[in-house]
Structures are given as C-alpha cells and as structure tokens.
Amino acid sequence: MATNILTKIFGSRNDRQLKQYRKSVVRINAMEAELEKLSDEALRGKTQEFKDRIAKGESLDALLPEAFAVVREGSKRVMKMRHFDVQLLGGMSLHNGKISEMGTGEGKTLTATMPVYLNALTGKGVHVVTVNDYLANRDAQWMGKLYNFLGLSVGINLPNMAREEKQAAYRADITYGTNNEYGFDYLRDNMVYEGADRVQRGLNYAIVDEVDSILIDEARTPLIISGQAEDQTDLYIAINKVVPLLQRQEGEEDIRTGEGVTKPGDFTVDEKSHQVFLTEQGHESAERILSELGLIPEGATLYDPANITLMHHLYAALRANHLYHRDQHYVVQNGEIVIVDEFTGRLMSGRRWSEGLHQAVEAKEGVAIQPENQTMASITFQNYFRLYGKLAGMTGTADTEAYEFQEIYGLETLVMPPNRPSRRDDQLDRVYKTTREKYEAAIKDIRECYERGQPVLVGTTSIENSEIIAALLDKEKLPHQVLNAKQHAREAEIIAQAGRSKVITIATNMAGRGTDIVLGGNVSKELEAVEADETLTAEQKQQQIDAIQAQWVQEHEKVKALGGLRIIATERHESRRIDNQLRGRSGRQGDPGSSRFYLSLDDSLMRIFAGDRVKAIMDRLKMPDGEAIEAGIVTRSIESAQRKVESRNFDMRKQLLEYDDVANDQRKVIYQQRNEILDAGDLSAQIASLRAGCFDDLVRQYVPVESVEEQWDIATLEKVLADDWQLNLALQQQVSAASAITDHDLLTSVQQEADRVFAAKVEQVGGENFTQFERMVLLQSIDTHWREHLSSLDYLRQGIHLRGYAQKQPKQEYKREAFELFSQLLDAVKNDVTKVLMTVKVQSSEQLEQAAEDMESRGESIANVTYMAPTETGEVETITDDETFRKKSTIPGGNVPRVGRNELCPCGSGKKYKHCHGKLA
C-alpha cells in the first residue's frame, strides 16, 4: 500500500528513467530541420566527424543526440522510415546497457540502428545477436543499406563460413549473427594453434534481439564442441605387441654399491607410485623393436622430436600390462573395459582413464578400441555474454523476467510506452474438464472466425499439439497452414500473410518470430516484383503500385472491421512471458485484435499445479459436459501456477550457473594463458618458470625443505635425474666434498644444470626455431589436460549431490574438489612440458621445425567434431561436421582451392603456405 502511494507521488523507477531520456528526445527532434538541409554527402561526412571527436576524447554519451538524429535522417532517406519518439527512448536504453521491452510491431529492428551506429563509431565492433540465421541475414541486408549509406561496414557471421570470411565479418564495424555462432567462434578461437587463425577481435558491445529467448529460454543448455583427437587405434595395437618383448627387471640397483639387481631387464615397476620406468637397456631394446616394426626409422631414438608421442604410448602400454589387472582394476563387460572404483569396488560405467591408458588396456584385452570423443570446449550463454564490455537486449516480453536479468546479468529492464495504445481484447481463459471438450470449443471458435473472414493465429506449445489441431481442422475441411519453427525463411513469408482475411495459421511459439503480422497481409514482395520488372515504364510501375496499395488498404480496413487478428491458444505455457508473446502477435501499432486461451484440467500445467483447485470449483458448480468455467479467479490461479514454474526454472538456471562459474574462472585462466602463448614472440621466461617449478617439486620429494642431511635420499634423486631427465649430476660426491651444504644448495645445483643443458639445446638450433617448438608443446599439453579436466569436472558434477547425505554442502565440495583438480592440471602441464623439452634430442633446426608442424597438425586434426547447442524450439541440436572446424584460408583474389597451413603454397614458390601467402591471409 505504502509502495503504491510513493509510486504515485514520485513515479516508478521506469517512469523516472524515461522522463530523463525524454529530455534527449527533445534535443534530437530540435536537430531534425537542420539535418534535412544537408546533402547525402554531408550527412555521410558526419560519421567521420564523430569518429574524429571520439579520437579527441569526446564521450559517446555526449555524441548521442547528434548521432541519433543523423541515423533518423539517414533512415528517412534510405529506408523511407522515420524513428518514432518511443524508438528514440528504446535506443537510449540499449545504448546504456539495459533491456528495452517494446511491444510487437513497435519496430525493434529499426530502434537498434541508433545505438548500433553510435557504438560502432569507436571502431571496436558491435555484435547484433539474433535467434536464427534467417533473421541475421534479413536484418543485416535490410539495415545494412542504412549503415552503408552512413559509411559503416556490415558483416554477417553464419555457420559453415570459411575462416577468412568470418574474419572479414568480425572486422566490419557491425556484425550480425546468431547466439550459437558467436559462442562457437569464441570457443574455436581458443582452440587454434596459430594466432592468425582467430576470427573474433574482442567482445565490445552486443545487442541481443529476443533477449528473453536467448538469455533465459536457451540458457539451460551450454554450447559444447566435442570431437576425437587423432585416431591412433593401429598405434595402440602395434605398441601393445612391443610390451611382451621387453623383460621386467627384478630387484633395484643401489647406486652406491651397484648391486641389488637380481635379474637385469628393460623396465622397472614402482607399485607404490603406480609408475613404470624404462632402464638404459630398455631404451635400447624398445628402439630396436620399434625400428623392426617400422614405427621409427633405423638409428632414431625415442627422444627425437618426432617420436615424443611414441614414448607416451609405450609407457601407457607398460602400465596397462603390468600395473592394471583384470577383475581388480577393471572388468570386461559387453566388449568394453569398465573401471572398478578402488575404494568401493563398484563399477564406474562411462568413466575412462585419461592419457591413452584406457585405450592401452583395450588393446591389451583385445576389445574394440574406442576413439575418445571428448568435450573439447564448452561455455554457457550466461558466461559467454557476460564477457562483453557492454550488453543490451530488446524483446516484446521481458518484464516478467526482470528479476532474473538483473540477478544473473546485471541488466535493468525498461518498459517502453507503445507508439499507439493497444486495442487488443485479452479475454478470460475458458477451462473445460477434458481435452476433447477444449478442442471442440477451440475448433468452433476457429470456424466462426473463418466464416466471417477474420484471420486466426492458433498458438501451440509443441509440434505434437499443432499436429492435433491440424488434424481436427482437416476433419472440419478448414484450410490452414502449419509452422513449426524449422524453415525460418519460408515461415517468415507465411506468417507475414497471416493477417489476410480467412487465413488460418497454426504456429508453435517460436515459429516466424521476428516477423510482423500486418492486417490485410504484407504486400512488400509484390511491390518489389513490380519495381524489379524492367519491361514496365516508370508510369506503368506507378500505376501497378497504386493498384496494389489500394487493394491492400481495402483488405486492411476489412480485416480491421472484422476485429483484427484473432489469437487462439490451446494450452498455457509454463512461462507467462511466452503466453504474452503469443498475445503480442495481435494488436500491433494500435490495431484491433483479440485473444483467448482454451484450457482443460488434463493440460500438464493445470494437472500439476492448479487442477485440484479448479476441479473443486467445477464440481461445486455442478458444471455439465461441454460447459467451461470462465472467471478471473481461475485465470489468476493459473498465473500463480505459472509463477511457481518460473521460479523453479530460475532456480535451475541459477544452480547451473553457480556450478559453471567454477569452471568459468578456470576457463578464463586457461584461455588467457593460451592467448598469451599464441601472441608471445619469446616464451623463454614462461618455460624457465615452469622448469624451475618442476625441478623444485622433484628435488623436494627426496630433499625436503629445511631438512638435515640424514633425511635426504640423494642416491635415488641422482638416479631419477639420470634416468628420467637425462641430467647427470654427481650429487653424492658434492655432498661428501662439502664441509657444509644445505637443501637449498642442492636445489640450486640441479636447477643450474637443468638451465645449462636446456640453453645448450636452444643454442644448437637457434632461439626462433625453438620458440615455435616450445609453443606447440605448451599448447598441446594445455589442450590435452584441459579436455581431460573438463571430463573430470563433468564426472564430479554428476555425483556431487550425493555429498548432501554426508551432511556436506555439495556446492562447496564441488568448488573445493574442482580447485584441487585444476591445481593437478597446472602441475601436469608444468611437468609434461618440462619433461618433453628437457629430454628431446635435437639434431637440426629442420627436424625441430618438422616436429612443431606435426604437433600443430595433430592438434588441429580433430575428427567427428560435434556441436551441441539449444534451438529456438527448446530442443538440443547436435551437428556433426568435420569440415567446420578445419576450414582453412583461401588466397584472396582468385578461385584457389583451400590450402592447409602446412601444405605447399599454390603460388609455386615451394614454400609452405603458412610461410608464404598464408601470412597475408
């Protein structure tokens, strides 16, 4: 009560904000007469003038009135459309990073041109986000005329475009595209192995059309790119044949005495650390056997750059054969390897060991080797769109979700007044006892409309529902069209004509969205056909245009007199917002219209939430079959049920986000590291830091911090450094010879020797060649471990709710364990990279360059690439497309086939494409 009184005195926040904006509207309108006097050239020149003023430090807010006035004038000349004052208000709210709620037919597409133009003047790019490719294409071409007239470039970002086409689209001042494609481009940019292959150039400002659909309805499903890294099935089988030919060493050599080995062999097994190590003899045996099998050239070593992955496979096969035992660590079930939980003894179906171990066990058991289809990258829309410096959105229905927009995205919702007040009659719901009675009543209403010539739009919540209505209309011999949000371009044409007399259109909620239903139909296509007909003289064209327009006015007035577009719905949606969207299809721009919902107690929403209450009312009133209850109390009780569902869905989305926020913080760290590695000219500081950390960890296992000599295990440390790291240090001799030595002195000795050995390798081939090799090793290690980490997080997430039974807070446990997993990932990258760079044997710069290129090719060759994304209809779409991920550049200015970066350049220079014309692409 008190709130209502205060609102009446001071106005709502919405009113106060609009009052503020109206002052700017007055200023914009005052400039109109002056701008009308300018020539087209002078008006276009304003764009450069604004850019110069921004460069000198003028703010966009200061430029807003002039820029908006210029766009309005440009639109009058190019589009023959003048922005209404309410559209100026909407444009200001979008520029200020808010959500602008504007009713259907209020011209959201035209409204967006003003903030898009203003923000594009900075040169940092503006992204306009739509729900489907058809709308992106339509709006880019439609509004592109205005932007081009004002001297700004426009790009369209569509799926299946080649890499340089996408780069051109993102380089444009304004880019149109779908939410899914922007998100996938962001993920793909963080999977490339060359900085020049990235397509996006920073996320500056985005305007999201149908913002409720994209940021709320589709926000429960993350975008996921999954795929198989290089299929190496044959290699796993071949390496498995090597293992029986290697002998296990019995006993362990004591370095001081040289004794302890009872039977020399090729490898030792350390049960405690669950690791296998090749001996000096083992390296020679393995190299000989691999050479005989044709897996490595004669005379090559396991530590040659090209053979690094073989070493990895060999160790995986040795561990699979000597450390992992059937019916103890795993079972074979239905031709698959199923892991046994070592603590509970339960089978862990669907879980796989990482780093190639699972495939090695499959090769050992002779079952089919499953190529690993891993999640390569994923992100939720909430986290993607929060990356933008400024975000805004527009829709016809946002107010019911204003709290969620504020809570999740920090976006305020402003409701714009209509240009003309709505004359739509939203009638009370009619509730029937059974589905049969409901459909009979709806069909009766449709028939009556058809007979009097009034157009009808029948809204359904599902494709199944629309098919039921279509079948009933067929039975009644009533002509109709069905739209299911599948063929956007065709459906936009059909929905544009849904306002003609006697037309019955059945549509699911999203079908034809973004297209206005004009009473009397849309004649723009017919007018365009006349304009394009070159056989007609100018006079004949004008006559035909006048005739078409006169016919349309007649049809328009006839439909208005019949009551405008009739909306009939056969079910309430879970969300009030979707119901409001359906109603909003009618009564655009002050046109007449009406809407009615026909419901039954069998509808899922009624059954779950409101059925008993309404049924009790019906029973009390002793309602006969075929009679409906039509009362405000029933409509209110249904809306209360919808509020409950909305609240539950909000909680689900919020919970998804809270869990994804954990992964998102880690994703930002990994992606930032990747981008720094791609952009860095010199990686020596990063590599030195990793090396120092790695040897610090290693030495501290045998020489603890601030410990005394009696606690040191120098002999084992010396052996590990020699066997695993190829560092030969006489540490025992150093300790014996020194009168006083600390643990820190030993660590310094090891690190200095590691630095010396590494520096010698770099010097041998030159810093520049080694940097590219370092880059590939780093990227491949980060990518491999990040993908495994995503699988681990997914697995952790699936079972984390069970912690609640142990009186633990699942969310806190997830955060804690995810952090531990991430720390392990960083340690694994540090050790992997250091190990490869320390043990690689470098013969020549050519050999090293070839190894780097092989690693790049392996990293980029992902098979069975699968894209998972939500669709407008609420389903999850899965697209498998190998080509999309690997689209390469073409040389501009000619019909040249696509060329891989490591293939020879088609210009005939004999150089690799990446070192020739690839640099220009």
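Cβ atoms here come from the backbone N, Cα and C positions, even for glycine.
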*Of Asp516, Asp533, Asp546, Asp579, which one shares the ATP site with Gln87, Gly105, Glu106, Gly107, Lys108, Thr109 in Swiss-Prot?*
Asp516
_For ATP, whose listed binding residues are Gln87, Gly105, Glu106, Gly107, Lys108, Thr109, Asp516, the greatest C-alpha pairwise distance in Å_ = 16
*For the ATP site given as Gln87, Gly105, Glu106, Gly107, Lys108, Thr109, Asp516, which other residues of the same chain have their Cβ within 8 Å of the site's Cβ centre?*
Met102, Thr104, Leu110, Thr111
*Once the DSSP letters are reduced so that anything not helix or strand counts as coil, what is Asp516 (ATP binding site)?*
coil
*Please list residues from the chain of Gly105 (ATP binding site) whose Cβ is under 8 angstroms from its Cβ, counting only those at least six apart in sequence.*
Asp516, Arg588, Gln589, Asp591
_Local Cβ density at Lys108 (ATP binding site) - other Cβ atoms counted within 10 Å_ = 24
*May I ask which residues of the same chain, at least 6 positions away in sequence, place their Cβ under 8 angstroms from the Cβ of Gly107 (ATP binding site)?*
Met81, His83, Phe84, Gln87
_Secondary structure of Glu106 (ATP binding site) (DSSP, helix/strand/coil)_ = coil
_Which one is it: of the binding-site residues Gln87, Thr109, which Cβ has the fewest other Cβ atoms within 10 Å in this structure?_
Thr109
*Which one of these binding-site residues has the most other Cβ atoms within 10 Å of its own Cβ: Glu106, Asp516?*
Glu106
